[in-house]
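Colleague: One structure coming up, written as C-alpha cells, with questions to follow.
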Amino acid sequence: MSSAARSRLTRATRQEMLFLALLLLPVVVAFARAEAEEDGDLQCLCVKTTSQVRPRHITSLEVIKAGPHCPTAQLIATLKNGRKICLDLQALLYKKIIKEHLES
C-alpha cells in the first residue's frame with residue numbers, strides 16, 4: 001500500500017471517529033444532566049427551621065419523612081400569605097398540632 005493510500009485511509013478513519021464522537025456527544029451530555037438532577041434531589045429542603053409561627057397563620061402542613069434524601073423528617077407549613085416555611089419538629093406546639101391532626 002502506498003503512503004498516499006495510507007494517508008487517505010488514516011484521514012477517513014479520523015473523520016469517522018470525529019463523526020462518531022459528535023454523534024455520541026448529546027448522549028453524554030444527557031447522562032451528565034440526568035445525574036446532576038438526581039443529585040440535586042438528594043438534599044434536605046429544610047435548612048433552617050422556626051418555632052415562631054402561630055397556628056392560625058398556617059393553611060396547610062406537609063410532612064416529608066426521613067430517607068436517603070435527608071436524614072431527618074421535615075415539616076413544611078404553607079402560610080396564609082402563600083409563603084412556605086420549615087417548622088421545628090421538636091417544638092412542643094407543633095408536636096401537639098401533628099398529634100391532633102393524626103387523631104382527627
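Just so you know, glycine gets a Cβ as well, placed from its N, Cα and C.
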Colleague: Using the record from Swiss-Prot, pick out the residue from C70, C86 that is joined to C44 by a disulfide.
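Modeller: Out of the candidates C70, C86, the one Swiss-Prot links to C44 is C70.
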Colleague: State the three-class DSSP label for C44 (disulfide bond), counting H, G and I as helix, E and B as strand, and everything else as coil.
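Modeller: Its secondary structure by DSSP: coil.
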Colleague: Sequence gap of 6 or more, Cβ distance under 8 Å: name the residues on the same chain that satisfy this around C44 (disulfide bond), in order along the sequence.
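Modeller: Within the chain, C44 (disulfide bond) has Cβ neighbours under 8 Å at H69, C70, P71, T72, Q74.
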Colleague: Write down the Cα-Cα distance for C86 (disulfide bond) and I97 (heparin binding site), rounded and given in Å.
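Modeller: About 15 Å separates the two Cα atoms.
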Colleague: Run through the Cβ atoms and count how many others sit within 10 Å of the one on K95 (heparin binding site).
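Modeller: Around the Cβ of K95 (heparin binding site), 13 other Cβ atoms lie within 10 Å.
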